[in-house]
Amino acid sequence: MRFDPFEVSVPHISYALLGGFVVIFGMFSLWLKARLYISEAVWATLFGIIVGPYCAGIFNPREWAGDVDTEEGVEGSNAVTLEVMRVILAIGVFAIGVELPKAYLWRHVRSVLLILFPVMAWGWIVCAGLIYGLVPGLDFLSSLIIAACLTPTDPILASAVVGGKWADKHVPAHLRHLLAAESGVNDGLAFPFLYLALYLFLENGDAKTAVGEWIYWTILYEVTLGCVLGTVLGVGFRHLMQFCERKDLIDRTSYLAQYVSLALLAIGVTTLLGSDDLLCAFFAGTGFGWNGFFQKQTEDSMFSNAMDLLFNVAAFIYIGAWLPFSSYADIRLTLSVWRLVVLGILVLLVRRIPVCLAVYTWIPDIKTFREALFTGHFGPMGVGAIFISTLAAMQLPSKGALGEAPYSQEQLLSGSLQPIVSFIVLCSVLSHGLSVPAFSLSKRVHSLSIVVHTRSWSRQASRETHPEPEWATQARRVHRPEDIVINRDAVDLEKGVPPGPERHDARDGGEELGPMDRAEKPGPDGGVHVETGELYGR
């Protein structure tokens, strides 16, 4: 037997890429996340694009299930993508449910409901109108199916806003909790929007039959059963864990294992029953952490953060390599890059912001116009949109590959569904992932401009109230005899105070002043001195 030590396979490449990225990202994570405020989702997506089939060609998840040029290969690829996204989302929404404050949904039910249904319904209709207007090949019903995939807010991208150093410093706690709860719930609530459009599409416009099937299958069975089953699982296992804790039957390691195992149990049971697995996972997490018992037992552990990092990175590397760039300019689907760019910009601008500004006065947890604008902007689309679009693609009737024109509406919808959704997800990852560093930079620039304008205004005011030559504006003003000091640096040296801009001024009570402090140092008499920061004038 010939010795061949090199065994290259798809799983081994995946292990190496994922492990290598997490190691390198972890080495610089403090600088990347706490200084640049760019989350792992952006870096992982870019890394996935680089190693994907359109750049380096190392990692191509679309080929995991066979040849993508065949119908069987496409179906297998969709099945793999669906399950990868399902597990990532289930763990993410379960974590959000667990980490919400005690009984949050009960105490803030009005805010959560108002931020969910009006915002999701508005986004669904508006996005459908934009798709219908910019993609000539699709009718409005097909556009509604695609727009339903854009209704969920991604919990993984949202964690970059509601968590971390920047959010703790700049985003109020009530707003962080509201955005987290919304991102946890609306991934599962995208099912009703999708299936209403799908039933209308599959029933060929028979609205009575479609709405009837939607009510008793989607609303009464999938959504309601998912919520009830998740609540029962969460509350039941919380009481079981508290009982085991009182009887000393559970160890520390098993506490941490519940974090992932209960989320997997929830989606496993509900998928077997054909119910809404994401809603089940979220309500399981909410019921499990309802009274804060689990959070208290695991508050010193960083296990959830480590799991979030690993799964988030894996999801967005997969998405980056999965993006179908070749379909973005497919003229057979009436798609072009400029149409998708315009569509992506308009979706980001009108999908949430107008409706959030319109209804925020009725939402108790959104207190100001700026908070409403912030809430409207931060509705990122990511893993949830990919999951729902893949689910929709698998529900559509199989029509085979595009051949000679003319094409049926089923073929156009099947071919353009994932390209449109994936392009908007890419726009959302970049825009929302880079919004925090942009806000941080603009805040710094704004602070600097305030200082510059203050100095300019002070200089102009001094010229108007005290006409004098231009060179005299740089001189230090003296209004009292005791302000006159001969050879100040020599006097400071005699007192043991070093000269220069960082010296201790006796008139400032010995407080050390930096350059910014000296520019804004208050004083007793009225105007701000331009160079020294001392006040002058009567």
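Placed from the backbone N, Cα and C atoms, the Cβ positions cover glycine too.
Where the annotation comes from TrEMBL, it is an automatic prediction and has not been curated.
Taken from TrEMBL, the feature compositional bias 'Basic and acidic residues' covers 493-523. The domain 'Cation/H+ exchanger transmembrane' annotation in TrEMBL covers 28-438. What TrEMBL lists as region 'Disordered' is 493-538. The transmembrane segment feature in TrEMBL is assigned to 12-32, 41-59, 79-100, 112-134, 140-163, 184-202, 214-235, 255-272, 278-294, 306-325, 337-360, 416-439 (among others).
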Q.
Are the transmembrane segment (41-59) and the transmembrane segment (416-439) close enough to be called in contact, which here means at least 3 C-beta pairs under 8 A that are separated by 6 or more residues?
A. yes
Q: Would you kindly check 112-134, 140-163, 255-272, 278-294 and say which stretch has the most C-beta pairs under 8 angstroms to the transmembrane segment (416-439)?
A: 140-163
Q: Please check if the transmembrane segment (278-294) comes into contact with the transmembrane segment (255-272), where contact means 3 or more CB pairs closer than 8 Å and the residues in each pair are separated by 6 or more positions.
A: yes
Q | For the transmembrane segment (337-360), sequence-distant contacts whose Cβ falls under 8 Å of one of its Cβ atoms, 6 or more beyond its ends | A | 114-115, 118-119, 122-123, 126-127, 130-131, 134-135, 150, 328-329, 366, 369, 371-373, 375-377, 379, 419-420, 423-424, 426-428, 431
**Q.** Surrounding residues of the transmembrane segment (184-202) on its own chain - C-beta under 8 Å, 6+ positions past either end
**A.** 89, 92-93, 96-97, 100, 112, 116, 120-121, 124, 141-142, 144-145, 147-149, 151-155, 209-211, 213-214, 217-219, 222-223, 226, 276-282, 285-286, 384, 387-388, 391-392, 395-397, 413
Q: Grab the same-chain neighbours of the transmembrane segment (255-272) for me: Cβ-Cβ under 8 Å, and only residues 6 or more beyond its ends, written as numbers and ranges.
A: 86-87, 90-91, 94-95, 98, 225-226, 229-230, 233-234, 237, 241, 278, 280-281, 284-285, 288, 294, 297-298, 301, 303-304, 307
**Q.** Positions on the same chain near the transmembrane segment (140-163), where near means CB under 8 A and six or more residues out
**A.** 39, 41, 88-89, 92-93, 96, 120, 123-129, 131-132, 171, 176-177, 179-180, 182-184, 186-187, 189-190, 193-194, 196-198, 200-201, 205, 308, 312, 315-316, 347, 351, 378-385, 388-389, 392, 409, 412-413, 416-417, 420-421, 424, 428-429, 432-433, 435-436
